[in-house]
Amino acid sequence: MPKSSKVTQREHSNEHVTESVADLLALEAPMDYKSSQMSMNMPGGGPPPIGKPDISPDLEDGRPAWNSKLQYILAQVGFSVGLGNVWRFPYLCQKNGGGAYLVPYFILLILIGIPLFFLELAVGQRIRRGSIGVWNYVCPRLGGIGVSSLMVCGFVGLYYNVIIGWSIFYFFQSFQYPLPWSECPIRRNGSQAYVEPECEKSSATTYFWYRETLNITSTIADSGGLNWRMTLSLLAAWIIVCLAVIKGIQSSGKVMYFSSLFPYVVLFCFLVRGMFLKGAVDGIAHMFTPKLEIMLEPQVWREAATQVFFALGLGFGGVIAFSSYNKRDNNCHFDAVLVSFINFLTSILATLVVFAVLGFKANIMNEKCVVENAEKIIGYLNSNVLSQDLIPPHVNFSHLSTSDYAEMYGVIKIVKEDSFAQLGLEPCLLEDELNKAVQGTGLAFIAFTEAMTHFPASPFWSVMFFFMLINLGLGSMIGTMTGITTPILDTFKIRKEVLTVGCCIVAFFCGLLFVQRSGNYFVTMFDDYSAGLPLTIVVILENVSVAWVYGTKRFMQDLEDMLGFRPCIIYFYLWKYVSPVCLIILISASVVEMAISPPGYNAWVQDLAMERFQGYPPWALAMCFALIIVAMLPLPLVFIARHFNWLPDGSNKLSVSYRKSLAKEASNLEDETRFILGKNPSEAPSPMPSHRAYLGPGSTSPVELITNSTSISGYGSGYQTNPAPPKSES
């Protein structure tokens, strides 16, 4: 229809002549909207114009798309299921009441996790932009959300890839028998041989981690120079990540088929193997024995909320970026529930594996404790410190069981009550070994590694374990890098390959901070301060901007238009009231925790061969607070700049595909109007689409879809000369 044409109504109508919808788009850049696809067409809407092929909107607006739904689900699973599922969740379970911890975790997954995960999937899929573009459309004054999200992704990616580098180092070290961390090294001084003192005071796996791998210094102030082996491992890690994401989802999507599925193969193999190990059942039973009195403590709920929050990758931008490559009619509600429960079940699976193996290790250590203390008792018997009458007659020292030792220990403790402490005997209880809570690198590179040295064919299991860690980390890094590159590619015209390689090179050089001999202390610093509080604030602002600024009713209507069905009404109340309140409580608890906990780190003291807590020096303390401030600074800066109109809202830079799709929708509306009001009475009117973009209360005319400056279809500004942000409608 030419721009000069008019849509007129029948002569007997008293209504005025209405301008063509094409005239209302006259201020936009000229385009052949007749040949463009109605990319905002909803399920159940009117049919496309006769004789025109149903062109995929993904191809038309030039945005890449997932090759299959499976590839997309694996990408979201690979991003959300990471190292934290293996070494953080089991620790929290053990610390916070065993099986009872699953109750608050599951409740908070329903109240916070799934609703906010669904929210991020929905806005990414609807607006089809990265984090910066999405929040510029939803609420331009809160556009700093996307920038803060991108910066947190950058901070996390810097140190997260260092962990992948450590795993790569251990992976290659596993190709030898015996494993290099199975025994303490022997030193020679002339003709005399002796065990390395630092190793003898700790353990072989602890020594290998702190001395052979990290070659760590005793304080954060002593950098010690670069650790060249860790530097090469970090370089290898960044090369792998770069190759995985260099083509965007075309390359990362294919990588996800392996990196997302392989960890499950390894976990199931470890679970089956672990169940045949002595003590595995003890470990699992200890894990899932509920301690109900602990479940009611506020700290348990705070840590459960934090774990739910980070397990799903909320606020990082990776979820939104992955979802933005979906078709607009994809059922993102199903995706949110599916991925959330896969993540939850993976955490339980990993917990079973970890405690089956740690139960085996505890049994080994307990038997070792019994042997060492039995030798002490034999020595006391030979020196007449203890009487032979104290030893039960059925006890056989050559085949001493843990129950026999416990009986003997109890008798000696009662009889020698006054001088018992001087004997230096230990109770050797399996429960004590199982209660030694370890997490993070302590679990992966020390406790679990030590347990694998007692496996038959230990190099094979070690190779499998660290290859699993590499793939778990790679899946999360792909999501993190996508959360960085997608918003930049949406905003600036730059080649994807150039941006990816440039980001990886810059990140590698920044990451040299973490491969100094003191680098492990900086990993701890970034893990504690760069993501926790800033990311929580980012997510609550995401929630508020959609539920309160944009309007929950309007958002629910959008979801109905997009999905073809209206989500359960419970989401309305979760987004509007429950999730914001829970997040505010979580932020308050996090701030209180930071205030009462002295900022510091666990330093490895070489002379004592043990960790000791040390406070950060002033310059490191300033660095901690700088990480928080820098990550959150875009939020007030963008708000102030947009409030005083110093910064454009950025939506015009991102609306090329929207102009095409909006113009196509206008074209279809004109065609429908012509069918109804046209001059040829023999033509049957086209049925009205069952789903139309929601215009808010009081809007009746379909032409208002174009003239309304706060059209819902764009999640923000309409296409006028001076776009206005959406008005709040709650």
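For all residues, glycine too, the Cβ spot is worked out from N, Cα and C.
Keep in mind that this is a model prediction, so the values were computed, not measured.
TrEMBL lists 1-20 (among others) with the feature region 'Disordered'.
What TrEMBL records for 8-18 is compositional bias 'Basic and acidic residues'.
Positions annotated as transmembrane segment by TrEMBL: 72-90 (among others).
Per TrEMBL, Na(+) binding site is recorded for Gly78, Val81, Asn85, Asn343, Leu472, Ser476. Note: Val81 (Na(+) binding site) has non-local neighbours Ser260, Pro263, Ile342, Asn343, Thr346, Leu472, Gly475, i.e. same-chain residues 6+ apart with C-beta under 8 A of its own C-beta.
Sequence-distant contacts of the transmembrane segment (102-123) (same chain, six or more residues past either end, CB-CB distance under 8 Å): 93, 134, 138, 295, 300-301, 304-305, 307-309, 311-312, 314, 319-320, 323, 332-333, 335-337, 339-340, 344, 348, 539, 542-543, 546, 555, 558-559, 562, 567, 571, 574-575, 578-579, 582-583, 715. According to TrEMBL, the feature transmembrane segment maps to 102-123 (among others).
Listed by sequence, the residues of this chain that lie at least six past the ends of the transmembrane segment (144-172) yet keep a Cβ under 8 A from its Cβ atoms are 83, 130-136, 213, 229-230, 233-234, 236-238, 240-241, 315-318, 441, 444-445, 449, 462-463, 466-467, 469-470, 473-474, 476-477, 480-481, 483-484, 487-488, 507, 510-511, 513-515, 519, 522-523, 526-527, 530-531, 534-535, 537-538, 541-542, 545, 627, 630-639. Among the features that TrEMBL reports, transmembrane segment is placed at 144-172 (among others).
Per TrEMBL, transmembrane segment is recorded for 230-249 (among others). Here the transmembrane segment (230-249) has Cβ contacts under 8 Å with residues 64-66, 75, 161-162, 164-166, 168-169, 213-214, 255, 259, 322, 325, 474, 477-478, 481-482, 485, 496-497, 500-501, 504, 507-508, 511-512, 514-515, 519 of the same chain, all six or more residues outside its ends.
Positions annotated as transmembrane segment by TrEMBL: 261-284 (among others).
Per TrEMBL, the feature transmembrane segment maps to 304-325 (among others).
Annotation source TrEMBL lists transmembrane segment at 337-358 (among others).
Annotated transmembrane segment per TrEMBL: 460-486 (among others), in sequence order.
The transmembrane segment annotation in TrEMBL covers 498-517 (among others).
Residues 116, 119-120, 123, 135, 138-139, 142, 145, 148-149, 151-152, 155-156, 159, 306, 309-310, 314-316, 575-576, 579-580, 583-584, 586-587, 590-591, 594, 624-625, 627-628, 631-632, 635, 715, 726, 728-730 of the same chain sit 6 or more residues outside the transmembrane segment (529-550) yet have a Cβ under 8 Å from a Cβ within it. Among the features that TrEMBL reports, transmembrane segment is placed at 529-550 (among others).
Sequence-distant contacts of the transmembrane segment (571-596), counting only residues of its own chain at least 6 positions beyond either end whose CB sits under 8 Å from a CB of the stretch, comprise 108, 111-112, 115-116, 118-119, 298, 302, 305-306, 309, 532-533, 536-537, 539-540, 543-544, 546-548, 552-553, 555-556, 730. The transmembrane segment annotation in TrEMBL covers 571-596 (among others).
According to TrEMBL, the feature transmembrane segment maps to 616-641 (among others).
The region 'Disordered' annotation in TrEMBL covers 708-730 (among others).
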Chain residues outside the transmembrane segment (460-486) and at least six past its termini with a C-beta under 8 angstroms from it: 75, 77-83, 85-86, 129-131, 149-150, 153-154, 156-157, 160-161, 163-164, 167-168, 170-171, 174-175, 179, 240-241, 244-245, 248-249, 252, 255-256, 258-260, 262-263, 266-267, 269-270, 273, 313, 316-322, 324, 444, 448-449, 452, 496, 499-500, 503
Residues flanking the Na(+) site, with Cβ no more than 8 Å from the Cβ centroid of Gly78, Val81, Asn85, Asn343, Leu472, Ser476 and excluding those residues themselves: Val77, Phe79, Ser80, Gly82, Leu83, Gly84, Ser260, Pro263, Thr346, Gly475
Within-chain partners of the transmembrane segment (261-284) [C-beta distance under 8 Å, separation at least 6 from its ends]: 74, 81, 346, 349-350, 352-353, 355-364, 430, 434, 455, 461, 464-465, 467-468, 471-472
Considering the transmembrane segment (72-90), which listed stretch of 304-325, 498-517, 616-641 counts the most C-beta pairs under 8 Å: 304-325
Packing count at Ser476 (Na(+) binding site) (other Cβ atoms within 10 Å of its Cβ): 28
Under 8 Å by Cβ from Gly78 (Na(+) binding site), same chain, sequence gap 6 or more: Met256, Ser259, Ser260, Leu474, Gly475, Ser476, Ile478, Gly479
